[in-house]
Amino acid sequence: MLDRALPWASVATAVAGFAACLVAWRTGGVEIDVAWAPTLDLRLDLALDGLGALYALLATGIGAVVFAYGAAYLPRHLAHEDRPAQEAWRFWPWMVLFMAAMVGLACSRDLILLFVFFDLTAVASYFLIGFDRQRIEARGAALMALLVTGVSAVAMLIGAVLLYTEYGTFSLPQLLHRAEPTTTTVAAGALIAVAALAKSAQVPLHFWLPRAMEAPTPVSAYLHSAAMVAAGVLVLGRVHPLLAQSEAILDGLLVVGFASVAIGGALALAQDELKQILAHSTISQYGYVVALYGMGGAKAAGAAALYVVAHAIAKSALFMTAGAVTEATGERRLHHLGGIARDLPVLAVASGVAAATLAALPLTIGFFKDELFFGAARGESWAVQGLAVAAAALTFAYVGRFWLGLFTGPRRTAAQPIPALLVAPIALLALVAVAGGVWVAPFAELAADAAAVTNGAPVDVGPAYHLDTSAPNVMALAAWALGALVLFAGPARRRVAGAIARAGDVAGPRRWYGLALHGLNAASDRVYRTEVRDLRNSIAAVLLPSGVVIAGAFLVSFSAPDYDVGGLNGDDLPIVVLLAVSVAAALTAARDRGRLRPVLALSVLGFGLAAVYAVVGAPDVALVAVVVETVMTILFVGVFARLPATRRGVNPRRPAIPSRRRWNLVAGVLAGIGAFATIWAALSRPTVQSGAAKDELVRRAPEAHGGDVVTVILADFRGLDTAVEITVLAVAVFGVASLLRRGRGW
């Protein structure tokens, strides 16, 4: 029952979110500004401005369509993986969480809040990419995506801290208003840009995205077309006025963008697996947006906004097409497919519209994305204009190869009927793409509002059809002609694209990632062997230098009058007796090789020290010590009772080497003498504290809700420390529990 209700509940949530965002945008937006941590100057500053509305509408709108597709796809996917349908509950909460995180990211106007939502998308994507956790490929892909995007996100946090040190605020509106082209500002902007580029899978941090295709198709259709990968360019759009303080950063964005267009497009032409073609095309397509942000200006901002919308509509539909074709034929490779338009005509037409949108053909919204792209490139050098035409030609070629290879030519594999719900979402997005090609005004208005935030001033986005020889039209015709030439130049295209793909496999960033991960694992193993398997040397490495320092201090500063603790009186006798008992218990625990006796000896030691606390006038500390010792004794006894019995007369410990035994004795005696001398000196010379300081501590105790200074210290410092320790232990318990339950269906 739950596995059937969850997908439609997710669809309803996405539809409600889309409606709310649409109404909020049309009514002028919504702002929320609440103090989060005032002492740290952190605020929950959210605003559904033009840029936030664009990405929030994409996250919820595309989310609703993909969720409906997933309602039909996921049960079939689980059946193919030999997993029960009930495991769907692992999938939908993460999808909804990702959608919510994306909406939060779109609306954030505080850098720390932006970072939190940015990282939350990485966490949710980790579980979605690794949904098929029984496959090592899925687990590796999820880890790669998390490491690349999560580690690079730290650069954003560092950049935020740098900006705070420079301007004293995390608020983006205030930062953008105050920003000046200082060294700190440029460095912070570069760090934020690195995090955004990694998220949008731009060269050279693009390699995680093709690997992420191990995820189920709905994840790819959502995260890797309209959501997760879009998060990076969203951040670039949000902080663009800050990045524009440095021409070097803008030039870097331009270079990275066109490099991603070229490398992603070439690799898309070399791929054979359907989702791999689309993954590499996503790298290329977001390269357009990054290049537009590198160009700067109002035209580029408007073109980038409309490009994101058109790409999300088309690419989501094409990813869902790949999943539907695989469900119908059982094949994932393009060279095994062909001619299936005869069996799936509706799917062929709907995906054809999506392909035409991505290829920027007329009567689709995609035509206007390229018109604005070429219009922005016209303000740049001839080299940039030539690269723009070449980029569009690459897009035409790999999109044409994808669609023609699937639906035209001889039939290589028969297609079985598939549920209508696997086709209807694709058809719906195709209708939206055509509607945008016929009536582009609503999309242009949304893009203009978003571009105004990026540009820092109003932007006029007015795409329209012009039957003339204007530069954008000529550039579009040149791109289609060049793209057709590349598409039908089969052998030459395959040789060039294959050579680029092989070069990437040999010396590309993915290989360096593998080497880095292998080196990290090797270093971790060495540390483990040193720290865990050789505990003796690890402890010696800490204690020996400390002992040398203390001994040197004694030799330099020894003075007999300093060692004077005064005489003993009758009131000290109970303390001496309790300490003597504690020492005897400690020796027993250290020397006895049984199980129960050392536990009891440790308990006596703990209770003896608790009694000392009570005698010297610290009942609160004594009570805490008694509780802790009681719990630990019960825990030890319970654990040892579960251990297997040892045979009588058998010593589980290896006897120490005679020479080492002598050194152990010498080291123990010297350590004891050093500890004794240190404590003696400390007790002989108590810290001198002024009366004013004492009075201030006593006066402030009630302000901290404590009756005395000791209580305040225990509550505020030790209490917080204990809370953190409990949290760490709880996390460890969850980790152990997951290992123990590995392989079970939760």
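Backbone N, Cα and C define each Cβ position, glycine as well.
Fair warning: this is a prediction, and the values are worked out from it, not measured in the lab.
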*What range among 13-34, 277-298 does TrEMBL describe as transmembrane segment?*
277-298
_Let me spell it out: take the transmembrane segment (185-209), skip the flanking residues so only those 6+ beyond its ends count, and list any with a Cβ under 8 Å from a Cβ in it._
118, 141, 144-145, 148-149, 152-156, 158-160, 162-163, 166, 179, 224, 228-233, 235-236, 239, 242-243, 245-246, 248-249, 252-253, 256-257, 259-260, 263-264, 279-280, 282-283, 286-287, 289-290, 508-510, 513
*At least three Cβ pairs under 8 Å linking the transmembrane segment (304-325) and the transmembrane segment (221-240), pairs spaced 6 or more in sequence?*
yes
*Taking a Cβ cut-off under 8 Å, which residues six or more beyond the ends of the transmembrane segment (221-240) line up next to it in the same chain?*
51, 55, 58-59, 62-63, 66, 69, 95, 98-99, 102, 105-106, 108, 114, 118, 121, 125, 128-129, 156, 172, 176, 189, 192-193, 195-202, 209, 212-213, 215, 253, 278-279, 282, 286, 289-290, 293, 296, 301, 304-305, 308, 311-312, 315-316, 319-320, 323, 450, 453-455
*Contacting positions for the transmembrane segment (277-298) when only residues 6+ beyond its ends and CB under 8 Å are counted*: 197, 200-203, 206, 209-210, 212-213, 220, 224-225, 229-230, 232-233, 236-237, 240, 243-244, 250-265, 267-268, 271, 304, 307-308, 311, 315, 318-319, 322, 334, 358, 373, 376-377, 379-380, 384, 391, 394-395, 398-399, 401-402, 451, 454-455, 457, 459-460
